[in-house]
Structures are given as C-alpha cells and as structure tokens.
Amino acid sequence: MQSNGAGQGQDSELSCLNSAQNGESSSAGGTHSNGLLASTNIGNSVGTNNGAGPGSGTSAASTASGSGLEVGSMKKKKRLSQADEDVIRLIGQHLHGLGLNQTVDLLMQESGCRLEHTSATKFRNHVMEGEWDKAENDLNELRALMHSPNAIVRMKFLLLQQKYLEYLEDGKVLEALQVLRGELTPLKYNTDRIHVLSGYLMCSHAEDLRAKAEWEGKGTNSRCRLLDKLQTYLPPSVMLPPRRLQTLLRQAVELQRDRCLYHNTKLDSSLDSVSLLLDHVCSRSATHSGKQFPCYTQQILTEHCNEVWFCKFSNDGTKLATGSKDTTVIIWQVDPESHQLKLLRTLEGHAYGVSYLAWSPDDAYLIACGPDDCSELWLWNIQTGELRTKMSQSHEDSLTSVAWNPDGKRFVTGGQRGQFYQCDLDGNLLDSWEGVRVQCLWCLGDGRTVLASDTHQRIRGYNFEDLTDRNIVQEDHPIMSFTVSKNGRLALLNVATQGVHLWDLQDRVLVRKYQGVTQGFYTIHSCFGGHNEDFIASGSEDHKVYIWHRRSELPIAELTGHTRTVNCVSWNPAIPGLMASASDDGTVRVWGPAPFLDTQEADGVNENCSNMDS
C-alpha cells in the first residue's frame, strides 16, 4: 500500500535523529521543532501560529528541554525499525493536521524521528506563505532528493501557475503577464495549458477569473491543494503524501467491505461512518450491518391462479411485473417506505400464457412474450393499461424472447423457429435476420449490437447497421437463458444440466461456474443484484432460490419456501434489499431483510434461509 516512491530507504539525514537535531528550529520563521508551521486549521497545513511558536514566548528549544528528555538518554535508545518510524511519522502528520503541534514536537523529540526533510519543510512554508521566489529556490535543494529530474519542471509549472493566478486576482496584470511570458513560457512545458492561462488575462474581475479557471482563489485552500499536487512528485521519505494515515485506513475499510460476502449497502468512503476499533462484518441477521440482505420472505403474492413463469422489476424499482400460465400479467406497485407490493393492474388476454417480460428503458411500456408455440407479442402502455401493439408476423413464428434498444423506440424479438426481427413501437418490421433460432436476446448499450443465444449452444453478437455477426460465447450445453450486467461487460448464463455460468463478454472467457443450483432443461432466469451488482441470484428445480457473491462459487444463501421449481428471480435495481421469485407453485415470493429482532428471534425468523457461511 505504498505510493509516491514508497519503499525507498531514507538517507542518514532522514533516519531517526537525536533530540538535539529534532529540537532545532527550521530556518523558516514561525515553525515548531517538528519543522512545520503552527496550525489551528483542522485538516490541511496552514500558516498561523497557535501559541507554540516563537511568537508565544516559548521557543521550540525550551519545549524540548521542558519535556524532561535528555539528549544522552535518547542516543542510548534502541534504533526504531523502519516500520515503527513510518508509523510515528504517519501519526505525527495526522496530529499536525488536527493542529496538535506541541504534541507533534514531543512525539518527534521522544522518538528521535523527523516528520519530514528540512528542505521540504522550508518549501511547504514558503508555498503556504505565497513566497514564490523562495519556493522556487527550495526546489533546487529538493532536486537531489527526487527520483525523476523531470519532476522539477512540473513542480515549477504548478508553482508559477498559482503565482500567475494570484497576480491576476490582485489586479496586477503586468506582473502576471511577466510570469506568463518570462517564466512559464520558457519552461516549454504544457503549451496547451499556457494558451488557456493566457485567456484569463481578459477576465474583467476576480469572480470571473475564479469561475473560468475553476479555481478557489488566493488563500489557504488553494495553496493547500497546490501542495497536495506538489507532494506527489516528492518521495515519501522527503515529504509524506497528504493525509496518508486517513488514506491507509480508508483502504483497509474498503478492502474489508470488498471481502465481505454480505455487504449490500452503498460504499461510503468517509471514515466517520465506521468504527476503526473492529473489523467490518456483515451477516444476514438484522442485528448486524448486513441488514440490507434479502433472505426473509416478507410477502407472498397469490393472485395468479397457475404457474408463474416470469417476474421483473421495472428499471426505476417502483413496479414489479409477473407473467403466468394463467394468461395474465400483473403489475405490482412497490411502496417506497414499507417495500410492500400491492396489485396495481392486471393485463389479460395472453392466450398462450406469459413466459417473458421486458420493460422499456423509461418504464412506460412492457412487452410480454409467450412460450414456444406462441406467435404473438403484446406491447402494453403501463400508464394507461392499454394494449398499444399486438404483433404477429406469421402464425408459423415463435416469438418467445424480446429485448429493448436503449433508445426505447425499437425492440428485437425472436424464437426457436428461426425468427429474428427488429421492430418499432407499432410492431412495424424494420429489419430481420434469417435463419437464427433465438432462445434469449439482449441489446447492448451501444445501440447497435444485439446478443442472441441460439440452438448451437452459443451467444453471437449481431449488428443490424452493417449486418455483421460474430461468435462471443460458446458453451458445451444448451443456453436456456442469459442476462447482462449494467455495464455490458458480464453475462450470466443458465446452462442446461450445468447451472449458472459467468462470462466476460469483452475477453470472451468463462469467469466462474456457480455451484448448488439444480438446472435441467427447464428455462430458469437468473439475475445480478445488490449495490454494484455484487450478488447473483437464480431459481432452481429443487424449489430454492440460490444467492452467490459474484466472486464466490459456493452459495452464500439458499432461500426456501417455494414448493415447486423456481422459474425466475428479479433483484430490485433501486432497493438493494428487495428481491422477487416466481414459481410453478403459483406464487411470487418477495424477499427482504429480516425484521429487526434480537439475535435469538432473528435466528428463528431466518430458518427459511440456510446458513452457508464459511
């Protein structure tokens, strides 16, 4: 986790020093014995005195002597390891950011370490005070300590850019022009940026300059940001990267969350929302932070009177559509507060039954398809509940799958008898592809490529603009269904007798085979779900719903409750803790987090969720 040249050994001047060395004040005025400016600003370095500098009447030397530490005893102390030195410097930097400079002084004196190189301290102070000529001179001292000679030019450019902008803000146009022509231009670096900077000469006032330059203006904040950029060019042995301890802690928290199989809430990069005293742990129990994990039956929908073949949440997560062998589609409204579902309307007349549903990108329309012998497709207006289009090209057709183009104005449909069409919202045929026996369809985000699984156990990409096609996925067994992640990179396949497979569409490689599910030759639909689509869920012929973390081949949960094959699962895209499953038992189960109970009660309530924790 080292960066900015970390891992380079410190030279003798940067290694642990005795208290006498650390007790010396920097040549820059107003500094503490740790070499840094006094600070009352919580966060970044600032250039104000907090009473521990020379102006307070208490010198750094007197602070050192007043601590009761003797130089001789410091010399006899065992030399600290490199790791210990690094930790002390990180702690010192963090304390300095909090304005606890006297504490930093004492820490450096007692440990015999230096927070940063004296040349770096001078450089920091001169930048914060806006003494640009002195800061440029400091760069010459720092040159010998840097790994890349070119870094000096980049650092000088950043310094001069700040100097130029501050002159402009102060109305010193001639001085700014001199910096532009006599200092920035001769560097022969980033000429495009110099042209942009020259345009700022036309700004009529300071507010106009700050707006056009997207700059905070002269002062502590912009200089702190400048320092953050400058520090990236210096080895950490010379000057620590800004807020390094916070960065390391944040990385640790993010890594723990990333490895947590049940984490299903939005990743918060702030350290304020977590405890650093314990490792991050989620569980399905509502008594832990994983309370967003759907493993508890919160509702059973029994309005269908025959097998339920398909279910799909709308793109905005406010509705659920379910299709059944009973010839109806039911639209359910999701309550935004309780997440309970209630029947909104029933769409009737699908004589063959409904085996596939697809929401338009804006959720205004819903397309319903039937099973293998169905030659019709229904396009419903969800707002009005009216049938906009009933499409049938030929009675010999089999229109069993459909996918919307991202523009919401076209869709593709097809079936296993060799039909593959692109149509508009009125069902008019725009294009067709002959002889493709389609099992499942998906439109990629580029608006041109359609993925289709066919009877040759493969997924091919078809381009309706230039009429080209190519092989993307090849399996050894029939692909019963597939779905694609939001970013279009991953495909989740339900493969006959094999279960659920994850493919990388870009690299065209099989990433993972998920274990546990029972998959014969029934069509079962799986899905991605949770925040960042970290989870995968699938139905199964053994009456269960299986959930995996995307990285784990073994299921992390088996949800029980259905009494026949689970045909389809859908994870709500807007509510990470809500999932629905449709089954041949005629019910739709809505899964949510377990209610907030004490641990014993929660364990009892979760009996329908088998424990697969490792």
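The backbone N, Cα and C atoms fix where each Cβ goes, and this holds for glycine too.
Where the annotation comes from TrEMBL, it is an automatic prediction and has not been curated.
Under the heading region 'Disordered', TrEMBL lists 1-76.
Summarising the annotation, TrEMBL assigns compositional bias 'Polar residues' to 1-46.
Per TrEMBL, the feature compositional bias 'Low complexity' maps to 57-68.
Per-class residue totals from DSSP over the domain 'CTLH' (116-175), listed helix then strand then coil: 47 helix, 0 strand, 13 coil. The domain 'CTLH' feature in TrEMBL is assigned to 116-175.
Nonlocal intrachain contacts for the repeat 'WD' (301-335), taken as residues 6+ away from its ends with a CB within less than 8 angstroms of a stretch CB, comprise 341-359, 361-363, 366, 368, 371, 380, 382, 525, 564, 567-575, 578, 580-590. Marked as repeat 'WD' by TrEMBL: 301-335 (among others).
Residues or ranges marked as repeat 'WD' by TrEMBL: 347-378 (among others). Residues of the same chain lying 6 or more positions beyond the ends of the repeat 'WD' (347-378) and with a Cβ under 8 Å from any Cβ of it are 306, 309-312, 314-316, 318-319, 321-331, 385, 387-404, 406-408, 411, 413, 415-416, 425, 427, 523.
Sequence-distant contacts of the repeat 'WD' (559-591) (same chain, at least 6 residues past either end, Cβ-Cβ under 8 Å): 264-265, 291-302, 304-313, 315-318, 320, 322, 324, 334, 339-341, 522-531, 535, 537-541, 543-547, 608-610. Taken from TrEMBL, the feature repeat 'WD' covers 559-591 (among others).
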